[in-house]
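Undergrad: The following block contains the structure, expressed as C-alpha cells.
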Amino acid sequence: MAQKEAEQHKSPEVPPDGGWGWMVVLGAAIINMVNQALFSVFGLIFGETLKDMAGGHATGITLVMAVSVCVTNFSGLLVGPMMKRGISVRTITILGVLSVGLGMILSSFASTIWHIVISYGFFTGLGLGLVASSTFLAISEFFTQRKSTAVGLSMAGTSTGQMIMPIFVGLLLKNYQFHGTTLILGCISCTGMVGAFLFKPMFCCAKANDPHEVEQGKYDLNSNANVNKPDIKKLDNNTSESESLLSGQVRAIVVAESDPKTKTPFIIVSKESMLQKRTSCLRKVVTTWDLHLLKDFRFVHMSLGLGLGYVSSISFSTFLPMFLQDEVKFDMWQTTTCMTALSAADIAGRMTTSEIFRKLKLGNRSQFMIGAILLAISRSLLVSLTSYNMMLVLSVVVGYIRSITVINQNLVISEYIPKHELPSAVGLNMLVKGFFVMSVGEPLGMLKDAFDYDTCIHLLDVILICVVISWTTEIVLYKKCLKKRKENNVITTTPAA
C-alpha cells in the first residue's frame, strides 16, 4: 500500500497515461466544440453582414479572415514564454476561452468592418490560437503511449461542433439576426471554461540559482536571479585595479576596498560589461522562444511538411463545397449530405484511427505519411468519379482518412521534441503554418481562376505526395548517417580494446 501511495504522489514528470487525463480529454473536447468549431461557420455568421458593410464587395470577408488566421497562428508563440514564466496550461486556456468569447460579444456591437477586424480578427483569433496550443499541451502532460488516442478524442469535439454549429447558427440568424447571434455565441464560447477547469496546472519549472549555470547560459527564465548580473570578484590586496583590468582578471565589474575600516567599494564598469549585457538580452530572446530549434534541420523539415499539409487540408475544405455545386452541379441537399457524411466519418476517424495505429506500433510521423498518401489518392478519386453515389461513398472515405493527418499535426512535433521545449516548438510550428496560409492562399485562388476546382484539388494532392517523398528521403539519409557513425565508432574503439 505504501508503495502504491508513493507512486501516486510522484512528480508530474511521469505522465500517468490515463487516470485524470481522460477528464482533461473531456475538457479539451468541450472547449473545441464550443470554440474551435466557430472557425468553420465564419462565412455563415459574418458573410452577409460584412458584404453589406463593404457595399456588396467581398473584401471585408477576406480581410477579417486573413487577420484572424494570422493572429491565430502567430499567437502560438506566446504560449512557450508564458509557461516558462510559471503560467499554467489551465490559466492560458481560460484566457484563450475568454478572449474568444469577448471577441464574439464585441462583434455583436460592430457597425463597421474595422470593428469586426478588431473584435473577431484579433480577440477571437488570439483566443483560438491560445486554446489550440494549450489543450494539446495539457493532454501531452497526461499521456505517453495513448497520446494519439487522447488527442483524437479531444479533436472529435471540434468535428462534432462543426456538424452541429451550421444548423444551430442558421436557427439563431433566423430568429435573432447577426447581432443577437454573435452575442449568444460569445456567451456559449465562455462555457468552455468548464472544460478548462478540468485541467491541472502540470507544468512546474525549477528555478536555476547556480551562478555557474547563469554564466554559461544554462539558466531557467523562471529564476529570480539576475541573469545579466556578472560575477563580482574581490581584488587581492597586492594587485592594483588597473593591473587587474589589463590582465583580464576582472571581466565586468570590479570591487576594491579603499579603506579596510570603512570598506567603501569602488565599482569599475568595463566595455566588456556592456557587451555582456547586450549578449545576455539576445540570449534571453533565443531562450524565451527556444529559437535554437531553428538550427535543427529535422525539426525545420518537419515543420515545413506539416505547414504544407495544413494548407492542403484547409484549402480542400474550402474548395470542396464549391466544386460540388459549381462543377458537379449538385443541389444544396446533395452538397450538404456529402459534407455531413465527410464530417461524420472524420469524427469516427478521430476516435478510432489512433488506437488502430497504436496496435500496429507505428510512430506519429509514419502515421501522417500513410494518411497523406491515402488522402491524396482518395481525394483524386473523389474529383474524378462524379456520380452522386460514388461521391457519397468517397466523402466518407476522405473524411475518415483526413482524420489521420489532422490528429498527427502536433503529435509529429511532440514525438521528436523534448517535453520542456514542446510549447515553443508547437508555437513555431503554428508560425510556419500561418506563413504558408498567407503565402499560398492567393496563388491557389489565381490558379482556380485560370483553371478549375478539380485542377486545384489535384495540385493539393501533389503537395501531400511531395511532403511524403521529402520526409522519406530525409529519414533514409538520416538512418544511413547513423549507421556510418556507428561503424566509425566501432573502428575507432577496436584498437583501444
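Note: Cβ is positioned from N, Cα and C throughout, glycine not excepted.
Copied straight from TrEMBL:
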{"type": "TRANSMEM", "residues": "20-46", "note": "transmembrane segment"}
{"type": "TRANSMEM", "residues": "58-80", "note": "transmembrane segment"}
{"type": "TRANSMEM", "residues": "92-114", "note": "transmembrane segment"}
{"type": "TRANSMEM", "residues": "120-139", "note": "transmembrane segment"}
{"type": "TRANSMEM", "residues": "151-172", "note": "transmembrane segment"}
{"type": "TRANSMEM", "residues": "178-199", "note": "transmembrane segment"}
{"type": "TRANSMEM", "residues": "304-324", "note": "transmembrane segment"}
{"type": "TRANSMEM", "residues": "425-445", "note": "transmembrane segment"}
{"type": "TRANSMEM", "residues": "457-478", "note": "transmembrane segment"}
Undergrad: Is the transmembrane segment (178-199) close to the transmembrane segment (304-324), in the sense of at least 3 CB pairs under 8 angstroms with a sequence gap of 6 or more?
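TA: By the criterion, they do not touch.
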Undergrad: Under 8 angstroms for C-beta pairs, at least 3 of them, ignoring pairs fewer than 6 apart in sequence. Is the transmembrane segment (178-199) in contact with the transmembrane segment (457-478) by that rule?
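TA: Answer no: the transmembrane segment (178-199) and the transmembrane segment (457-478) share fewer than 3 Cβ pairs below 8 Å.
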Undergrad: Should anything in the same chain at least six residues away from the transmembrane segment (120-139) have a Cβ under 8 Å from its Cβ atoms, list it; otherwise answer none.
TA: 21, 24-25, 27-28, 31-32, 35-36, 38-39, 42, 46, 63-64, 67-76, 78-79, 83, 89-90, 92-93, 95-104, 106-107, 147, 150-151, 154, 192, 199, 202-203, 410, 414, 422-423, 426-427, 430
Undergrad: Return the stretch with the most CB pairs under 8 A relative to the transmembrane segment (425-445), choosing among 20-46, 58-80, 151-172.
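TA: Selected stretch: 58-80, with the most Cβ pairs under 8 Å.
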Undergrad: For the transmembrane segment (20-46), could you work out the same-chain residues 6 or more beyond its ends whose Cβ comes under 8 Å from its Cβ atoms?
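TA: That would be 61, 64-65, 68, 93, 96-97, 100, 104, 107, 116, 120, 124, 127-128, 131-132, 135, 138-139, 142-143, 150, 153-158, 160-162, 164-166, 169-170, 173, 178, 181-182, 185, 188-189, 191-192, 194-200.
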